[in-house]
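**Student:** Below is one structure. I have some questions about it.
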Protein chains: 2
Amino acid sequence: MQTRYDVIVVGAGHAGCEAAHAAARLGCRTLLLTIDLDKLAHMSCNPSIGGPAKGHLVREIDAMGGLMGRITDRSAIQIRLLNESKGPAVQSLRAQCDKRLYARLMKETLERVPNLDLRQAMVERIAPPNADTQCFTVTTHTGWRYLAPAVILTTGTFLRGRAITGEAVWGAGRAGEAPAMALSEDLAALGFPLVRLKTGTPPRLAAATIDFSLTELQPGSDKPLAFGHYYAELGETIPPPEYHGPPAPVYPHPQLNGWRPQLPCYQVHTTPEFHAIIRQNLHRAPLFSGIIEGVGPRYCPSIEDKIVRFADKERHSLFLEPEGWTTAEVYVQGCNTSLPEDVQWAMLRSIPALRNVELMRIGYAIEYDAVATGEITADMQTRRLRGLFFAGQINGTTGYEEAAAQGLMAGINAAHYVQGKPPVILGRAEAYIGVLIDDLTTKEIREPYRMFTSRAEYRLLLRGDNADLRLTPLAYRLGLVDGDRAAVVEQRRRQAEQALQQMHERCIFPSAAINNALEAQGVKPLNQPATVAEVLARPDVSYRQLRTAIPDLPDLSPSVAEQVEIGCKYRGYIARQEREVARMQKMEHRRIPPDFDYTTLPGLRNEARQVLMRFRPATLGQAGRLAGINPADVAIILFALERRQVHTDTEATYNQ
Amino acid sequence: MQTRYDVIVVGAGHAGCEAAHAAARLGCRTLLLTIDLDKLAHMSCNPSIGGPAKGHLVREIDAMGGLMGRITDRSAIQIRLLNESKGPAVQSLRAQCDKRLYARLMKETLERVPNLDLRQAMVERIAPPNADTQCFTVTTHTGWRYLAPAVILTTGTFLRGRAITGEAVWGAGRAGEAPAMALSEDLAALGFPLVRLKTGTPPRLAAATIDFSLTELQPGSDKPLAFGHYYAELGETIPPPEYHGPPAPVYPHPQLNGWRPQLPCYQVHTTPEFHAIIRQNLHRAPLFSGIIEGVGPRYCPSIEDKIVRFADKERHSLFLEPEGWTTAEVYVQGCNTSLPEDVQWAMLRSIPALRNVELMRIGYAIEYDAVATGEITADMQTRRLRGLFFAGQINGTTGYEEAAAQGLMAGINAAHYVQGKPPVILGRAEAYIGVLIDDLTTKEIREPYRMFTSRAEYRLLLRGDNADLRLTPLAYRLGLVDGDRAAVVEQRRRQAEQALQQMHERCIFPSAAINNALEAQGVKPLNQPATVAEVLARPDVSYRQLRTAIPDLPDLSPSVAEQVEIGCKYRGYIARQEREVARMQKMEHRRIPPDFDYTTLPGLRNEARQVLMRFRPATLGQAGRLAGINPADVAIILFALERRQVHTDTEATYNQ
Ligand SMILES: Cc1cc2nc3c(=O)[nH]c(=O)nc-3n(C[C@H](O)[C@H](O)[C@H](O)COP(=O)(O)OP(=O)(O)OC[C@H]3O[C@@H](n4cnc5c(N)ncnc54)[C@H](O)[C@@H]3O)c2cc1C
Ligand SMILES: Cc1cc2nc3c(=O)[nH]c(=O)nc-3n(C[C@H](O)[C@H](O)[C@H](O)COP(=O)(O)OP(=O)(O)OC[C@H]3O[C@@H](n4cnc5c(N)ncnc54)[C@H](O)[C@@H]3O)c2cc1C
């Protein structure tokens, strides 16, 4: 029987699933251990995937050959493009999934991955590699031992998990599930500093008790949308949803006849009474009474926190999101809370649409151990024990997409570690995934970390529409996607580049006929000759309009036309960001050896020295981004690196 | 907000779901509380429903308006008629379900039941009714309190649950789920004597690692079969399966083109090596080493138990059953075990088809608290606290069907209790459900109780084919099924009776033409005139054959023809059982008052007195079936009852 693996992944949440898939795909004999196989890829909170910045992460995961995007496409009961009217950098896909279907599809997908074994077990101990086997020993609750040179921990909210509603506190990894106690103690014993974080979830409602006539509709897109790339290019179609038949009959206005059957979401608002009920009960809120010790995400506050922090805001939006196609259970987005149960009932019932609502599950907070910042390097590996990787919530992040992105990179890097290949690290100018992991390894994470578009300085380059152009060539080189996909991407890139070139060369002369044709398309007429690129640079002019007016323009596929439009409209901004990236790259490429001695660096401020020794940045670029490091500090390091370089070169010469 | 209900059901396993549905259907405001709503109706063990005697229970549940049968029909990936060649009494349906689909459909069905609220919560305390509210108080883990005059406990294997594999023991209601500790203590504090029982489950295998070419096929039925009644009669069809698309590609020989797409099961056998491995490791088996204290079911032994008890049996059959249509996870029927993990691996890998098998979950035993026998009466109510009902595994049974049957009756009786209506008790001659509950209330349950056809003395009357004729009229009177269904049943009964009558009257004369026609149908020719009934009484002669030979016989629907055939073939046996029932009924109808004083009964043996006081039988029939009670004891009670009757009559006369 197989007890020795190349890579062992602990935990089959969103991080663990991607990690196991990537490692197996890269040829490693991989084992995925998890407490309850029936909860594999369970969405603990929202049934939704994507949204601002998170949607970018999902497209990047897909471009890298990961699973989240395509499984979302097969299970989404609604999909929308957020910020459609804003620039392409902040446009983002968001899907509402059928929660059970998503988890089922993920499990069944993993069951079919070669090289991968799924197994139910609670991991209790991880012993560092012994000299003999060079392997970690992972011990389960039955005392069974597995060996592997690389282990990825993705334990989510389970480490010493504690659930809290009002005055009630009980041990739980999630409501109804047991926490992982022993493993947490074991990590502490191995010397990992642990911090206490918290997150929360709203109540779930019985749809039959909602008065939907008092809600506002939030429909799904009437145009086809998908997280996965290249369906069309590969001769596929967007996968049809794998739910069937009519939706649960309680939901009004299902969109049954569009490109895909969808369910809307339903918006309501908090009321003055709602706010008053919370204010009257603040002394009973675990968040304020001292019961909750862990630090929660400031930007994703509980409803009680919002009421306190934005005291003058008269109302907040809440979104009633069906948890699936056929279930009548409804998630209340925007209302996560750990207030006592009676308060949850009373506040929700103050909303007209929810006058008679019945709660199916109450909201609760969960407090858990995460590993303190500074423990992992940019390849997701711990400094303390090479071969041990952390990914997901355990690193102090929150969100399925953030977890999946880390899982993917941890899976790749664990495989490379085992195979003696160099680490794979995405830069901040390459991907949101790069921004995420760079932040995790250079910033002090004091509260659960979530991705935002504002965290990416080069966000005009890191768009959802070009995730494949940015990442699939790498994924292909790594062996994560096959040649067909890579070829399709290269073709799209070539076509877009050629087309863009053409648009810069092709001139339009403002004849009356042309101007009439333009006007007929709603495009302002020209008063002097202009290149197509110049016309496309105007806001609100699309390539489709131009080509209708001027039929001998080339026939571009929508995805190529999109690239051309963005290339024309944002030319200046994109060029500026590319210059910045080039400048940054120089610093970025300047590596700092892992054993670099900061203690003796003359002129370095004490504070800077401490930060540098804690995070041990891999490059000068990383060093510069550390909180507390200023350009003068960077200059000192650069100087020392150059001196050292001379020194090493000299030594190398001697040794020859 | 609603905190007061008519009926509260604790636990949404197979018992709890039927209980909540029945109570709500009977008009009670009903609350179903369970630890994890995502595990509602989860099949802890086999993905299968039905089988000998259990299949009868399911048809009875369906005839009574319960849910299990119809949900099985919608989720079965295989359905078969067992003992097809044997008599109709032991023929039984057995379905293999898609485990996740079954649970999902049950949850969604319950979500749509009027009067019923589903809520996730762990119940920790139950306080007896106080004088003020006349209601029990049920307290959850958050301290939230619900009130109801009737409470049904269906906690399954969760009360102080302990999972065991080899030397490893951990607290669990099921693998991966937390046990219910507080409630168990609370029940003990309320005075309920608890006993420790155990059950077990086999390992689950990764289908991709099975060599199916070395297994034998066990296909699903090629004729339409269903647990639900009257689909055709109500103008419906057997519901199509709610799984879609192709099955998981690992399974060979899927039956895709029949009346319904099905998957076969795959049979293998244990090997001498398998037996040797177990024997060598018996000292490490928790069952024998003393780790397991609870008593397990003798008739459903673990594999280690089988090897020990049937030492000269050279091999045992094991059945590899897919856990769903699209999952590659496989259940190993016949191999439940709590042997240490290494032994489980080694023994399975000794089977040629499983040489390289990977285990996805290991087998384990679960030990839990059940309530000792003698605590509930025939209406599922506890003697100790009227209004408190127990159903399912908590009463010492095992099996989904046994649990569902009890849940159904507890739901009905809780509703009747609240509504001041008389209890509903099915007799041993009416239903397997009656046999089950009668056994539970008259027999000392020393090991988990499971239904067998041999437990029913009138099993020729309690057939799967006539469950509707036996029970639907009652269900209609109770309000559990609607008039359409009741009318269909009455029509079928009438048609069957009329047809049977006709067959007894209609004579066949052995002309050459008729005999030729009969022979052409494979029916032995007649040498003297005979009624159709007489010919049908011969084994192997079907009505369809006769009617093909003699076309002017009436055209009977298959279901009426079946009744006619059984009525002819088993006439003598059925008549004899009916006479026995009539004799028994006299005793059965002789009620013993609940306050009947056994202490002063002259002539009663001490042992008999103790048994009678412990079980307090409701009728003389029940008293006679108690273990340790002989006919002489019954005569003594009968005598006392008659004296008392005179006495009461006299008193009544005085009081007029
Ligand atoms: C109550 C709650 C509310 C949340 N609210 C939000 C929110 O509002 N917004 C948001 O973005 N995110 C929220 N999240 C977080 C989101 O669910 C996580 O960020 C995401 O699921 C993390 O993925 P992960 O893979 O790191 O861990 P998880 O999805 O938690 O998966 C961890 C897995 O590891 C397994 N595991 C743990 N310990 C062991 C062990 N010792 N041995 C074997 N297996 C083990 C578990 O069984 C589980 O399958 C919430 C989470 C919870 C629990
Ligand atoms: C490991 C294992 C192996 C088994 N093997 C077999 C077998 O081989 N053959 C066989 O016939 N049967 C077997 N069974 C038994 C079968 O699963 C049960 O008989 C059947 O499920 C009992 O149904 P139930 O409704 O009584 O309880 P369950 O199906 O166990 O459901 C109980 C429900 O109550 C809930 N609950 C418990 N306590 C509380 C509380 N305090 N508050 C709120 N909710 C609570 C639980 O969450 C659960 O949903 C096995 C069970 C297990 C666990």
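Just so you know, glycine gets a Cβ as well, placed from its N, Cα and C.
Please treat TrEMBL annotations as automatic predictions, because they have not gone through curation.
According to TrEMBL:
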- A:GLY11, A:ALA12, A:GLY13, A:HIS14, A:ALA15, A:GLY16: FAD binding site (BINDING)
- A:296-310: NAD(+) binding site (BINDING)
**Student:** Between A:HIS14 (FAD binding site) and A:CYS300 (NAD(+) binding site), find the distance joining the two CA atoms and give it rounded to the nearest Å.
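**Tutor:** Given the Cα positions, A:HIS14 (FAD binding site) is 19 Å from A:CYS300 (NAD(+) binding site).
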**Student:** Taking DSSP as the reference, which of helix, strand or coil describes A:SER302 (NAD(+) binding site)?
**Tutor:** coil
**Student:** Would you mind reading off the Cα separation of A:PHE310 (NAD(+) binding site) from A:GLY16 (FAD binding site), to the nearest angstrom?
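**Tutor:** So the Cα of A:GLY16 (FAD binding site) lies 37 Å away from that of A:PHE310 (NAD(+) binding site).
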**Student:** Quick one: of A:ARG298, A:LYS306, which of the binding-site residues has the smallest count of other CB atoms within 10 A?
**Tutor:** A:ARG298
**Student:** Quick check for the class: what is the C-alpha distance, in angstrom and rounded, between A:SER302 (NAD(+) binding site) and A:ALA12 (FAD binding site)?
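**Tutor:** Taking the Cα atoms only, A:SER302 (NAD(+) binding site) lies 26 Å from A:ALA12 (FAD binding site).
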**Student:** Using a Cβ cut-off of under 6 Å to any atom of ligand 1, determine which of the binding-site residues A:GLY11, A:GLY13, A:SER302, A:PHE310 qualify.
**Tutor:** A:GLY11, A:GLY13
**Student:** I'm trying to understand the geometry here, so how far is the Cα atom of A:CYS300 (NAD(+) binding site) from the Cα atom of A:GLY13 (FAD binding site), in Å to the nearest whole number?
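**Tutor:** About 21 Å separates the two Cα atoms.
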**Student:** Based on Cα distances to A:GLY13 (FAD binding site), point out the closest of the binding-site residues A:ARG298, A:LYS306, A:VAL308.
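**Tutor:** Closest by Cα distance to A:GLY13 (FAD binding site) among the binding-site residues A:ARG298, A:LYS306, A:VAL308: A:ARG298.
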**Student:** Can you list the residues of the same chain, besides A:GLY11, A:ALA12, A:GLY13, A:HIS14, A:ALA15, A:GLY16, whose Cβ falls within 8 Å of the FAD site's Cβ centroid?
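**Tutor:** Neighbours within 8 Å of the Cβ centroid, excluding A:GLY11, A:ALA12, A:GLY13, A:HIS14, A:ALA15, A:GLY16: A:VAL9, A:CYS17, A:GLU18, A:ALA19, A:THR34, A:ALA41, A:THR154, A:GLY156, A:ALA391, A:GLY392, A:ALA403, A:GLY407.
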**Student:** Have a look at the binding-site residues A:GLY11, A:ALA12, A:ALA15, A:GLY16 and say which one has the shortest Cα distance to A:GLY296 (NAD(+) binding site).
**Tutor:** A:ALA15
**Student:** Counting across all protein chains present, how many other Cβ atoms fall within 10 Å of the Cβ of A:GLY13 (FAD binding site)?
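**Tutor:** Result for A:GLY13 (FAD binding site): 30 neighbouring Cβ atoms inside 10 Å.
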**Student:** Taking just the CA atoms, what is the gap between A:GLY16 (FAD binding site) and A:GLU304 (NAD(+) binding site) in Å?
**Tutor:** 32
**Student:** Including all protein chains displayed, how many Cβ atoms other than that of A:ALA15 (FAD binding site) lie within 10 Å of its Cβ?
**Tutor:** 34
